[in-house]
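Q: TrEMBL lists 37-56 with the feature transmembrane segment. Marked as domain 'GH26' by TrEMBL: 68-361. Per TrEMBL, the feature active site, proton donor maps to Glu213. Summarising the annotation, TrEMBL assigns active site, nucleophile to Glu313.
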Amino acid sequence: MKYLSFNKQKAYTPKIKGLIFTDVDSMKAAVNHTARFAIRNVVLALLVFVSANLFAQPFAPVNKNATPEAKNLLKYLYSISGKSILSGEHGGGNRFLDSTKAITGKYPALWGSDFIWSGPGGGGQRVVNEAIANYKKGYIIALMWHQGRPMDNPPYGFRESVQAKMTDEEWAQLITPNTELNKRWLAQVDTIAYYLKELQAANVPVLWRPYHEMNGVWFWWGNRPGKNGVQKLWTMMYDRFVNYHHLNNLLWVWGANGPRDIPLDEAYSYKGFYPGAKYVDVLGTDIYHSDYEQKDYNELLTLANGKVMALTEVGELPKPEILAAQPRWAWFMVWTDFIWKYNTRAQVNAIYSRPGTISLGDQKWY
């Protein structure tokens, strides 16, 4: 703007961009207003830009000390969420991986296993060795634990311990520090932590899925909603693993069961069993009997509130039209021999041949 000289004794009407001012004060006021308006627009534009980018970013791992490998894996899961789905297969050893290859010509991208009867001298070392070997082959590693009741001794019988009941009094002791049951539970948890530390030392990130299907009625930790139910047990393990053992290679996968009303085999609505966003990286569900109900997907979608979602176990594979209607699943993991026992070759090939299905060698995250 050209410098303007004003004679207070003589009327003068300066012009700026078509505006007419009768005196210098009104001109200054207008200039200030214009500047404020411009600054406001810049600030609003910046806020829109920052907000858009903020919400486009994935959640960080709930463990702020997560290893680089765990961070990269979670970032990758967010990058495919809503676009693609990782194929997976659960089972000790590689025979079910080989079954998938025989049917489809492809290996799945994710390998799952279980510390099922692990106590001192149990099969935990075998699980660790297989996990490290398969990670080196390119598999994403997913581990779970069919934990025996704390009052029992290993090796834990499945029906006699894993699926046995606990009384309310026993449960109260379990979640109370320094009780006998609580100490026995700590000894169990510390045993598994020992094996997970080996994986951390080998730089293997783990999709860790404890206390699965907790909304069902068939495990000792199941059907105990609320803050003093399985939510408490989850946070106890999280605290022991993260803050005591410094296990930073874990992504915490909360895997419920698809709600169902089968008599004596019920599974209830998800919400009452969820420990909260600060303790969970991925929300998942186990689906059997082809229970891919849209209402259940929508409930989990709301609960996840933007976090990664997964089909943490499946019996019968979802049909392509199910995946089209439920696009947020980041992976599916078939349970052991269900790949051929409860699915036809055509069903297996239908999902593995989808353009959005990721197999071994297709995932690029590390």
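Placement of Cβ uses the backbone N, Cα and C atoms for every residue, glycine included.
Note that the structure is a prediction, hence the values are computed from the model and not measured.
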Q: Here are some active-site residues: Glu213, Glu313. Which one has the most Cβ atoms within 10 Å of its Cβ?
A: Glu313
Q: How big is the Cα-to-Cα gap, in Å, between the residue listed as 'active site, nucleophile' and Glu213 (active site, proton donor)?
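A: Taking the Cα atoms only, the residue listed as 'active site, nucleophile' lies 10 Å from Glu213 (active site, proton donor).
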Q: According to DSSP, which of helix, strand or coil covers Glu313 (active site, nucleophile)?
A: strand
Q: Give me the mean pLDDT over the domain 'GH26' (68-361), rounded to a whole number.
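A: That region's mean pLDDT is 97.
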